[in-house]
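Copied over from TrEMBL, here are the features:
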- C74, C77, H78: heme c 1 binding site (BINDING)
- C221, C224, H225: heme c 2 binding site (BINDING)
- C342, C345, H346: heme c 3 binding site (BINDING)
- 38-48: compositional bias 'Polar residues' (COMPBIAS)
- 37-56: region 'Disordered' (REGION)
- 1-32: signal peptide (SIGNAL)
Amino acid sequence: MNPRFRMALTATAVLSLGSAIGFYGAFGVADAADSIAQPGQQSDSSTGIKAPVTQAQEDPAVTRGRYVAIAGDCAACHTDPHHGKPFAGGYALETPFGKLLASNITSDKKTGIGAWTEEEFTQAVREGKGRQGENLYPAMPYNAYVKVSDQDMHDLWAYMQTVPAVENQVVSNQLPFPFNIRLMMMGWNLLFFDNTPFKPVAGVSAQINRGAYLVDGLGHCAACHTSKNFLGGDKGGAYLQGGELAGWHAPEITGNPYVGIGGWSDKQLVQYLKTGSNHVAVASGPMAEAVTNSTQHMRDEDLYAIAAYLKNLPGSDIRSPQPLKATSPLMQQGANVYSANCSACHNSNGKGINQLASSLAGNPGLQADNAQSLITTVLEGGRGAVTVDNPTSGAMPSFAWKLSDQQIAATLSYIRNSWGNAAPEVTAEQVANVRKERKLPGQLSADGTSR
Ligand code: HEC
Ligand code: HEC
Ligand code: HEC
């Protein structure tokens, strides 16, 4: 091969690799339902992090560290939800280029991190450096964890050493050549890794600073909620203003009152993070997992700090557009499909059923420019977050087999532009794309064949 051509090819590979693994939102993340127990609470699930029975004698650093692991949602990736023991790794993050497996981070000396020093552990979590000094892939969100304080890191290490050893050899890097070359991540780090510790902002309340610390560090909220550039780095000026994941859209979560959460009270926002739903929204998909594994177990004061911080972010300048005219053919088609298929649960006034079926009226997530999550929800159906406070959660049926792309586009355009909502229309082409991407069957025809 012509060497210049080969170099260009490698460069392209690096670029596309960056966009695929620069943020983990591109992967399907573990549906690790109930994989973690509340601090000081017993978990009855096989994947649960069991709090020791002898809580009273536990080293306080270990207790604090368990909480750090929960706030960091380490189990989301490091515990395989299907057959894994806590933190034993092996869960596959699928990329368009191949697989990356999350490592075994139990205290096993041979296959886990039992033989590591605290310094090596800290370097891996905060700087993305493996034990041999190799670069970790940013699917491991070290670019957020770099903000974690020395004290929290120290406590986290104290806790990780108490995680029962599980022998499970994991070879993380399953990527084919040339994506398997870890040195490539050096370039990514140079471009996108802001290696500076968290600094509280002067003149801002301690509560808001605590919120910023949790959101930017352990919570790694930007991994999903900030849009990425083509290299997989955070887009400038787009902080927490919404990000695209495979089949999902993580909406803007700033104080913007139209598409962000500016219209929610602190209490409503905390309720969402604690129970998985509030007066309008029900967390589903990747956010249901984050609530189930992580935020529901966080202390109320920390959730209020997150709320205070997010609501104070000015966010994007997106304002509501003019709603589509209710008399347009698209809106009328949507109204018909809605009343036949959706109103039983979401109500003809769009208000849904409290804590069970999302309210479609006044729901900011519904009015984002990007309708990806809504299309996925209607095609695939879904389930709200399962939490201690809301153990049953509601389920939404799948409509892929029942409705055509055009019918779904019309219904979504209708719910995005009724009851005071206003958002751009959804097209049949967008629905068709998601159907294809998610490998879903077409609408069933009358004779039972898939179109
Ligand atoms: C979004 C998924 C994700 C989350 C969340 C996550 N990790 Fe990871 N982690 C990974 C992946 C994937 C790797 C392997 C990366 C590689 O080999 O380049 C990894 C690697 C590691 C390693 C290096 C292990 C080794 O053998 O080299 C450590 C240590 C680690 N993670 C600890 C943590 C801790 C502690 C947390 C929580 C604070 C955490 N991780 C959260 C995905 C994740
Ligand atoms: C793994 C990706 C991921 C992570 C990490 C994540 N989110 Fe989300 N979040 C989403 C998705 C996807 C949705 C949309 C869920 C839906 O449509 O039901 C969402 C929805 C939300 C909403 C509801 C917004 C609305 O208008 O309905 C809030 C609030 C929120 N997230 C806050 C957070 C906070 C705070 C963090 C960090 C502690 C966080 N998220 C971390 C993916 C994520
Ligand atoms: C059997 C009850 C039921 C029916 C019928 C139903 N839904 Fe839902 N829907 C739910 C539940 C429960 C949720 C929350 C869980 C989830 O998001 O998966 C939900 C969530 C949604 C969401 C996501 C809202 C958000 O905050 O992200 C949209 C959009 C939606 N439904 C639209 C529709 C449309 C359009 C129809 C008709 C084609 C429909 N639903 C029919 C129960 C239902």
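Note that Cβ sites are derived from N, Cα and C of the backbone, with glycine treated the same way.
Remember, TrEMBL labels are computer predictions, not curated facts.
Features per TrEMBL, on structure.
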| residue | record | Cβ contacts under 8 Å, 6 or more apart |
| --- | --- | --- |
| C74 | heme c 1 binding site | F87, I105 |
| H78 | heme c 1 binding site | F87, A88, G89, Y91, A102, S103, N104, I105 |
| C221 | heme c 2 binding site | V215, L240, I253 |
| H225 | heme c 2 binding site | L240, Q241, G242, G243, A250, P251, E252, I253 |
| C342 | heme c 3 binding site | T411, I415 |
| C345 | heme c 3 binding site | G352, I353, L356, A357, G394, M396 |
| H346 | heme c 3 binding site | Y338, G352, A357, S358, S359, L360, I415 |
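The heme c 1 site is defined by C74, C77, H78, and by the 8 Å test on Cβ atoms against their centroid, the other residues of the chain that qualify are D73, A75, A76, T79, F87, G89, Y91, A102, I105. Proximity of the binding-site residues (C74, C77, C224, C345) to ligand 1: a Cβ under 6 Å from the molecule is found for C74, C77. Cα of C224 (heme c 2 binding site) to Cα of C77 (heme c 1 binding site): a distance of 14 Å. Close to ligand 3, meaning a Cβ under 6 Å from one of its atoms, are these of the binding-site residues C74, H78, C342: C342. Close contacts with ligand 2, defined as a Cβ under 6 Å from any of its atoms, occur at none of the binding-site residues C74, C77, H78, C342, C345. Residues Y338, N341, S343, A344, N347, G352, A357, L360 surround the recorded heme c 3 site, their Cβ atoms falling within 8 Å of the Cβ centroid of C342, C345, H346, which are themselves excluded. The Cβ neighbour count for C224 (heme c 2 binding site), using a 10 Å radius over every protein chain in view, is 25.
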